[in-house]
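Working notes, beginning with the structure itself.
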Amino acid sequence: MKDLLNLFNQQRQTLDFDAIKIGLASPALIRSWSFGEVKKPETINYRTFKPERDGLFCAAIFGPIKDYECLCGKYKRMKHRGVVCEKCGTEVTLAKVRRERMGCIELASPVAHIWFLKSLPSRIGLMLDMTLRDIERVLYFEAYVVTEPGLTPLERRQLLTEEQYLQARQEHADDFDASMGAEAVYELLRMIDLQSEMARLREEIVVTGSETKLKRLTKRIKLIEAFIESGNRPEWMILTVLPVLPPDLRPLVPLDGGRFATSDLNDLYRRVINRNNRLCRLLELSAPDIIVRNEKRMLQESVDALLDNGRRGRAITGTNKRPLKSLADMIKGKQGRFRQNLLGKRVDYSARSVIIVGPNLRLHQCGLPKKMALELFKPFVFAKLQRRGLATTIKGAKKLVEREEAEVWDILEEVIFEHPVVLNRAPTLHRQGIQAFEPVLIEGKAIQLHPLVCTAFNADFDGDQMAVHVPLSLEAQLEARALMMSTNNILSPANGEPIIVPSQDVVLGLYYMSRALENKKGEGMVFANTSELKRAYDNSVVELHAKVKVRITEIETDDQGLRNKASSIVDTTVGRALLSEILPEGLPFVLVNTEMTKKNISRLINSSYRMLGLKETVVFADKLMYTGYAYATRAGVSICIDDMLIPLEKKEILGEAEQEVLEIQEQYQSGLVTAGERYNKVVDIWSRTNERIAKAMMDTIGTEKVVNTDGEIVDQKSMNSLYIMADSGARGSPQQIRQLAAMRGLMVRPDGSIIETPIKANFREGLSVQEYFNSTHGARKGLADTALKTANSGYLTRRLVDVTQDLCVVQLDCGTAGGLTMTPIVEGGDVVEPLKDRVLGRVVAEDVLLPGNDDEPIVTRSTLLDEQWVAKLEEAGVQSVKVRSPITCESPFGVCALCYGRDLARGHLVNMGEAVGVIAAQSIGEPGTQLTMRTFHIGGTALSAAAIDNIAVKTSGSVKFTNLKYVEHANGTLVAVSRSGEISVLDTHGRERERYKLPYGATINVKDMAEVKSGQILANWDPHNHPIVSEVAGFVRFIDFVDGVTVIEKTDDLTGLSSREIADLKRRGSQGKDLRPLVRIVDKKGNDLTIPGTDLSAQYLLPPRSIVNLQDGAPVGIGDVVAKIPQEASKTRDITGGLPRVADLFEARRPKDPAILAERSGVISFGKDTKGKQRLIIKDADGSEHEELIPKYRQIIVFEGEHVTKGETIVDGEPSPQDILRLLGIEPLAAYLVKEIQDVYRLQGVKINDKHIEVITRQMLRKVEIVDQGNSKFLNGEQVERQRVIDENAKLIARNELPAKYNPVLLGITKASLATESFISAASFQETTRVLTEAAVRGTRDNLRGLKENVIVGRLIPAGTGQTYHSQRRYSSVGLTESEMETLVGRSTSSGTEITSPSKDAIPLGSKVGF
């Protein structure tokens, strides 16, 4: 008994463990957990309320109800500890053992565990190699199964119906064994010899030819291997004894009124016990077979319901028709154990209240109501009251506090002095949603919040609430102060830009004071310094907006780092000069000598942070805010209805538009345009008109005519209140002003299509009834969308966090030479993102050389590029830089600091232990709610711009062709005959300024390397038709042109010219099925010509709907158009935009009709078509051919004889990321994902750093597929964690054996989360049952590496400050010293390169980074 007691005392200490293993419980193990068998279904006695003996709450089995007191009351108190009462059988011990002691039920007949039966793929089915349907028939007593065939012709595991069984019995008497129910399955499982079965399967897999059989065999081998390795036995999947949960985990609570509230589990257990007992009695009475069978089936069903109610058949419901919550339901879903209790816990010492603005707070402060503070800091106050001798006991102190005596407030002031509190606003979408502040006691009941942190919290003061938490321990206070203080979170982790940026009224005030106006009082005065100017302003000698000259003194730092004063007389305004007074030393006056719009203020704060560091910036931000508020108050900006100026030209513009619409209507009625064209054109006209009126309106509102000092009338930016607000970025946008004063424009129907009648009125004029009705359409859709968007965006964030949660910075340098090559992002000729923005804060992977000089590196390998370096690169005209990336990082777990680069929120190299995965997930998920949900239809307002049909240069320079194939036309122009060709404009230094894609068939007006002037047109093409260009000169010969079958002759009514259109396949009838209309180019004698450089004849296959304007036998020259394909058809694809698009990319979903990419490089030719498919052949350099069958409705965008490279698009569509990975490799895949995701966010004006997307891509590429197992233990086609294969291969190579070969696999984020090594993390994410079943069979061990697993087991997370704790635990258990540990963790880089960084934040190597 003593040992038993010690056992429990040991259990009270928290166990120290490094990993958690899950497995199947054997009957012996279940019995060893049990403290007695539960024999009766009774719970408690309704009169005495004491638990029944041997019942579900029995005290003898589960322990006493009161501490150290047996049930009958014979033994009480500590002195009898450990005694078992002979009367009631209760052990005298703590009552809390009722939370940990289990019971058991001995089942009269074995029962299959539903998880291993029904959780697909069925483990029992796989193990026995039987279908689930068959096993269910056996288990639920519908069929017999042969367990031992003996010498009979029957097979083992053969199913027999009742008739077949009786017949077999007659024929073979007792020579064979067959039975039904779980006993039969148990027998079959028990007979399996895993080792010999394994050997048999391994032999079979070598000889098998069928693909499906191979898959099944592989699955079985993996399962049997799992059983062998984990030491589980197959028959343990059948339960012979059922464990019973401790009673305090399924409590029975008395309610007032004599009723009881009970856990559903008790009902489920009662059913099992009742049926089990009845079955025992029936077996004792040897009842008829059919009754016993029925009872056994009912027992099986009740155990199924207990384990997972509703998994099979109808769910068992309670009294109120609600399905009962089974054991499986307890752990899964949002309300389950994992997500409700382990990952989300309630916190003590917290409060919540409404927030109000605190404009006089400093950035690190928040106002805390006195009442709230007193409650939160109670324990500290009690302690201090006692220490001061104001109260002798805690009780006394409590009384003092309750009475709110005067001294209590003094002590509260002392207690909260420099004790940070943590504020949080739900939803916490990124780490800026929780920040620490120093409390300031205030009257009232609302929390005061500093206005500058509102952006980070996404808070406003329209009734938002926030929660306050108190960090108690010293470490917690330290972390709150050092890491979470609002002053330490100035930059956003998503893009490294300041998040502490003034908004709204502050911006308005700063903008107002920095505006310059003509002819104001005091214009032209000169001041000796700002204080003189301030005197003049205070005495109303000059006005705030007057243009004056002032002597400004600045501090400049020279090359040697010495600080010198420099004075100069500057043209400025009174307001800007006043603003310069709050400018910290070291910031140039130029930064404020401009209109202070929101963008400029952000730039100012950013420069301050980079140039002066954190402390100065925080002080400066506060000063900016105070100044902004002061001048906003003085400005007294207000709006009235007359501020909405309606442009005079509006009437005229509307008249013109209505006239154009009428003309199109007439054209439509006379049949010149189709309904679709008419609709598109009308929508186009109104979009254009809206733009014109809006422009006129902005000109009217934005400028005013004034008289300057010379008496001339000049235009100046107006001080119209509406315009000021929009222009400064304080509130509103030109779009909204357009609705107020120009016209509302086109409205959208709920399905995303556009209503073609626009709302011509604006809000000032007021809407007509019809217009109002039309506008409710779109408005209501907007509201509905927002509601749906929030849920979708939250789910995306959850998946992202789950896939990256275990990714931290684990070492300084992994020593890889790999990386990604960064180039500027160019769209439609404009550089959307210059190179400097893309490489800022990254580490260079290989030396960057000066363009045109290969000996002199500008930047050496392993340099962290900060602002200064990036400026140098830009000066030198570097066009591409290879930088380290998380995708190519070779750290076994996590990433290394150099591959990650700069910590965007701190501005220096990332610290060890930073949880970069979660930060990436938050940065991508947080703006999710700003993305749209809708799918754009082509030709909506989304793309209402007119089609582009030429390239006009924006800057002068020289032209460079890239990847461009072209032929020279007789008239001297060039015609493009390639698809991936690009044309760039370089400046005098050879830097690329613009880049454009050239479509096939474009006419190019310049030669390579020619000089061009700004505005010159380089190339033009027909945007509505795709031409087919002849590459040889000769004569046209039509092949398979049959009038009325393959071609339709059309004559234009207006011009009288005839053209031939190739008929659609569906219209051709039977005789035209095998005809392939094509145009062949022949010489004078009629011999075929070949395309230069190939042996293919010059012939062009004509797709349906293409139009030929030439006659048979007509001459063609090089570069002439043989035929054209109208482009309307292919462009009706919807563009999935916004959130769904981002989700599709991260889930790596294949698009509906994916683009078909060339499987290899070679020359295109077309083979014989099959039914409904076209045959495309690629012949590579060594003459081998690759065939591709393509459905007829797909648009092939390559022609006969064209040369394609591997991975190039040959059939139009959205490329599938899997294809890009397979054909082009990891780097192009990364580039594709980053580009596509960034496009969506860029459209919404959201900036996210590329590296966050790369971090997620890294997690999507964690697995590899084995293509050749070599001598490894992996199976072909198996998906394995990359690191495991690398480790295994290293061992094999060391033993001189064949390593496994593998290909990378791209998994979507949901799949990747579920395929993680940690089963705890996967189970708490989704599909809990499936994950746990799989893990139990495998006997998986969870090494608790990620953040989630550690939160669940209640430990510090292995990131940030918790990483030190973890590494110490790990190494102290191995017995390493501190210095040995340091070398292991890798403080120095493995490749011996030093990180250089010219900024003052340089980190010397060998120093501890971070905390």
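Placement of Cβ uses the backbone N, Cα and C atoms for every residue, glycine included.
Source: prediction; values computed, not measured.
Using a 10 Å radius centred on the Cβ of C85 (Zn(2+) 1 binding site) and all shown protein chains, the other Cβ atoms total 20. Reduced to three states, the DSSP call for C85 (Zn(2+) 1 binding site) is coil. Per Swiss-Prot, the feature Zn(2+) 1 binding site maps to C70, C72, C85, C88.
Following the DSSP three-state reduction, the secondary structure of D462 (Mg(2+) binding site) is coil. Residues or ranges marked as Mg(2+) binding site by Swiss-Prot on the basis of sequence analysis: D460, D462, D464.
For the recorded site, C889 (Zn(2+) 2 binding site), the DSSP three-state label reads coil. Swiss-Prot lists C814, C889, C896, C899 with the feature Zn(2+) 2 binding site.
The compositional bias 'Polar residues' annotation in Swiss-Prot covers 1387-1399.
According to Swiss-Prot, the feature region 'Disordered' maps to 1387-1411.
Report note: the Zn(2+) 1 site is defined by C70, C72, C85, C88, and the residues of the same chain whose CB lies within 8 Å of the CB centroid of those residues, excluding them, are A59, L71, G73, K74, Y75, E86, K87, G89, T90.
Taking the centroid of the Cβ atoms of C814, C889, C896, C899 as the Zn(2+) 2 site, the other same-chain residues with Cβ within 8 Å of it are Q811, D813, T816, R884, P886, T888, E890, S891, V895, A897, L898, Y900. The binding-site residues recorded for this entry are C85, C814, C899, and the Cα of C899 lies nearest to that of D464 (Mg(2+) binding site).
DSSP assigns C70 (Zn(2+) 1 binding site) to coil in the three-state reduction, outside any helix or strand.
In this structure, C72 is the one among the binding-site residues C72, C88, C899 with the smallest number of other Cβ atoms inside 10 Å of its Cβ. Taken residue by residue with DSSP, C899 (Zn(2+) 2 binding site) is part of a helix. Comparing CA positions across the binding-site residues D460, D462, C896, the one lying closest to C85 (Zn(2+) 1 binding site) turns out to be C896. Of all Cβ atoms in the protein chains displayed, 11 besides its own lie within 10 Å of the Cβ of D460 (Mg(2+) binding site). Counted within 10 Å of its Cβ, the other Cβ atoms near C889 (Zn(2+) 2 binding site) come to 25, all protein chains included. Mapped onto three states, the DSSP output places C814 (Zn(2+) 2 binding site) in coil. Comparing C814 (Zn(2+) 2 binding site) with D460 (Mg(2+) binding site), their Cα atoms are 45 Å apart once rounded. The Cβ of C70 (Zn(2+) 1 binding site) has A59, P64, K76, V83, C85, K87, C88, T90, E91, V92 as same-chain neighbours under 8 Å, each 6 or more residues away in sequence.
Shown are the binding-site residues D462, D464; of these, the residue with the fewest other Cβ atoms within 10 Å is D462.
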